[in-house]
Amino acid sequence: MAAGQAQQGDLLNMNHRENWKVQHEKLHVKHRGHEAMHAEMVLILIATLLVAQIVLVQWKQRHCRSYNLVTLVQMWVVPLYFTIKLYWWRFLSTWGMFSVITSYVIFRATRKPLSGRTPRMVYKWFLLIYKLSYAVGVVGYLAIMFTMFGFNVFFRIKAEDSMDVGVIMLFYGLYYGVMGRDFAEICSDYMASTIGYYNVGGMPSRSLRDDICAVCGQKIFVDVDEEGIIEDTYQLSCNHIFHEFCIRGWCIVGKKQTCPYCNEKVDLKRMLNNPWERTHMLYGQLLDWLRYLVAWQPIIIGIVHGINFSLGLE
């Protein structure tokens, strides 16, 4: 009986292999003689990617604000389309919570007159998103490495399950990290311009006193040489002083690399004395690169499909 079951199992495996072989042969027959067409499709893809890259780079250099705004809108909308289409309700729930809270934060940041508590609230929210996305992304990456090295076997976890968890967490971390930084940059411009110590394209409308933080507009009570209970006071190379929490939020989360008052270049390496904190700067650069992949890649691929369809290529 056992021998019969083994023979039946071999027969099922043989049928599976034969089915796979038949499907593979059908695929070869379908695409046989289409090598020239496939080469043409590859050339169209490469040419479209190159042209799109040149256009995007020129757009960003000439009209940076409109480029960032359109990219941000696409970052917000494109994943929503795929989420609804593929029934990813878990992502939709987190996307909805993030959108509701961030919309409220943006509403507060764009009000005039600006409340004195708003800048701190805005930077706290986006710094929280930044740190959470960083932690979730790292855990997702470790889960992927954990699976690739086979450690999941020791815990009796299926490779598919642990890999899925890792990929999902990595995507969540990177996606919300990008969104948080982009929205923080918009809020930084609005708030600093409203307070008056900062102007994107010209001179500030208010003169900065020595004991005022140009990021939040609030008084600084801790001297540069003193150690604060909650936070320290930080002085840039231009000698302007800020709340440490504000200037870190302005530079690292808000992507600003100039002094909020005089626009002098900020040395981020000198600002991040702790070597472990420099990973945050590398993480920010990774998020900037990912923006292109999420926002523009689906549109470029759609253009390629449109060109192939118009030329009768399949």
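The backbone N, Cα and C atoms fix where each Cβ goes, glycine too.
Because TrEMBL annotations are produced automatically, they should be read as predictions rather than curated entries.
Under the heading transmembrane segment, TrEMBL lists 41-59 (among others).
According to TrEMBL, the transmembrane segment annotation covers 66-82 (among others). Residues 56, 59-60, 88, 91-92, 95, 99, 175, 178-179, 182-183, 185-186, 291, 294-296, 298-299 of the same chain, all 6+ positions outside the transmembrane segment (66-82), place their C-beta atoms under 8 angstroms from a C-beta of that stretch.
The annotation transmembrane segment is assigned in TrEMBL to 88-107 (among others). Proximity of distant same-chain residues to the transmembrane segment (88-107), defined by a Cβ-Cβ separation under 8 Å and at least 6 residues beyond the stretch ends, is recorded for 76, 79-80, 82, 121-122, 125-126, 129, 172, 176, 179-180, 183, 186-187.
Here TrEMBL flags 128-151 (among others) as transmembrane segment. Beyond the ends of the transmembrane segment (128-151), by six or more residues, the same chain brings 98, 159, 162-163, 165-177, 179-181, 184, 252-253, 280, 283 to within a C-beta distance below 8 angstroms of the stretch.
Positions annotated as transmembrane segment by TrEMBL: 163-179 (among others).
Averaged across the domain 'RING-type' (213-263), the predicted model reaches a pLDDT of 77. The domain 'RING-type' annotation in TrEMBL covers 213-263.
The annotation transmembrane segment is assigned in TrEMBL to 289-311 (among others).
Across the domain 'RING-type' (213-263), DSSP classifies residues as 10 helix, 8 strand, 33 coil.
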